């Protein structure tokens, strides 16, 4: 998980890892996080956010915040996603997360998203190959999950605490009936089919 960082750290470069959570759901924001770990940090997490349980993610979240030189986050809501499309919204969130770092970095490693205007290394499965990127994936996922738990209290019928806005069977059934909320992405199928 450190091959790319070690090579960059040996050159004296500070690495920022960036990843997002929430590109695929039908509802809710896309959240990005950027993390800069001290050079030569040994791996201290079991993997990226997808490989951890909720409890493990929350524990890792606290550990990352304690170990990192800097952590930046950004949230882009569903209205912006509908206006600019999910890829542009993801890049916008990532760039805002980098700006939120308020810390110098030399290169950015992403999970296969090229960020224009940045010295960027987009890696296929970057969240599995880069420790900084894996840490960013955990931060983004924990924050997005907390946001969706708040939305669950506002829209309990959609069970956002469980499905996090992803198209579960019951969530899809509600959408197929024409039911949706303010946080649903109207530009995403099947909502787009129902609305236009």
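Just so you know, the numbers here start at 1 and follow the chain as drawn.
For all residues, glycine too, the Cβ spot is worked out from N, Cα and C.
Copied over from Swiss-Prot:
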DOMAIN    13-196  domain 'RNase H type-2'
BINDING   19, 20, 111  divalent metal cation binding site
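Look at the Cβ of each of the binding-site residues 19, 20, 111 and count the other Cβ atoms within 10 Å; the largest number goes with 19.
If you average pLDDT over the domain 'RNase H type-2' (13-196) in this model, you get 95. DSSP assigns residue 20 (divalent metal cation binding site) to a strand.
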